[in-house]
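See structure below.
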């Protein structure tokens, strides 16, 4: 089991798990791993958390001590950093300091290669070994120590790239944006305005501690209330680092990632642009989307949860569309990672081209009810045998009913996530999910003897 890297880089509570010492050791370990590579520049960006400067300083100290120059792009979205790393030929890596949708107590470090993709699992594992080894890796001579460059103007390249992809004038559209006090707080309203839309933007005045605080893509019901108040034609709510988005149709309905993928799949197929006639979802992808795709003659490949695993399947099967219920959508012809701003622009492009409302497209996809529960498991190591036991508990509770379930340990938080789904009343699913949750808590209490929350409390 890995000590530092999860499904999306290194992530944890700041100054408990993710410390400046760890950030420094990480950059020194990267110096050791890439010691024979001639490229000597690293792009560093972050979301808006107050811990960004502390972690950035530690990373920069490690990189510059090894002779790496730093291109500091400031506050950026994760997908924009991925784009910039690929665009500039002399850049070795991109470092994104962000914990995505997590609250401000968390932060994370994501590493991108020069092709814009995240590091492979085996490379992360080797770098982790280097961290634990604590060797004093290469140090540059005084004349060769790296320097820091302000590179914030590079965001203009990303902005222009998005506008080039869309190629539309959105005059006449009134757009609501919930920017979650995160990375898209400035650039998202600007891009929509430059394309002619009238923009009503909420949650843009970030202060370092309000990122994702009862706002953004993790809280779509709150975003829906903002949308209804705004009087806009369509709304979008992003997460803290801008790699996911949830939409709101003109009638106030929440349009999640599964529905967005269905809309994009149909649009691309009708134009002969859907590569392989398949798309990639995850184990969480709603059965309603799967049935809709079948009617269109489109296949669905289910990956593990996490946009990196969606991308793996896209690459393995030579496809160009994939995503998650949470709103990570990969439009691979344009971007190798989920991009909330690109996704929202692309959706509006479709609506304008077709002269149609979002509700008209969304209602074609009947999403089955889902219920989610979670169990906090701080400091509890979950084994494969435990996970097998969880599945057995779920199957016993469901008892042959036509209900799909997923029980899994989160790759980004210390929780076990439980999802049940089926074409049955939501109340039935809620009862089943709670029963599974309570039985798993009982099992963990017996087997791990840990102080877990009481029954029914997540």
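Backbone N, Cα and C atoms are what each Cβ position is placed from, and that goes for glycine too.
With 239, 241, 243 listed by Swiss-Prot as binding Mg(2+), the candidate from 82, 100, 114, 359 annotated for that site turns out to be 100. Around the Cβ of residue 100 (phosphoserine), a 10 Å sphere holds 31 further Cβ atoms from the protein chains shown. Summarising the environment of residue 241 (Mg(2+) binding site), the number of other Cβ atoms within 10 Å of its Cβ, over all protein chains shown, is 35.
Listed in chain order, the extra residues whose Cβ falls within 8 Å of the Cβ center of the Mg(2+) site residues 100, 239, 241, 243 are 47, 77, 78, 98, 101, 182, 183, 238, 240, 242, 244, 338, 340.
A gap of 7 Å separates the Cα atoms of residue 100 (phosphoserine) and residue 239 (Mg(2+) binding site). Under a cutoff of 8 A between CB atoms, and with a sequence separation of 6+ in the same chain, the neighbours of residue 239 (Mg(2+) binding site) are 100, 101, 180, 182, 212, 216, 217, 218, 245, 327, 340.
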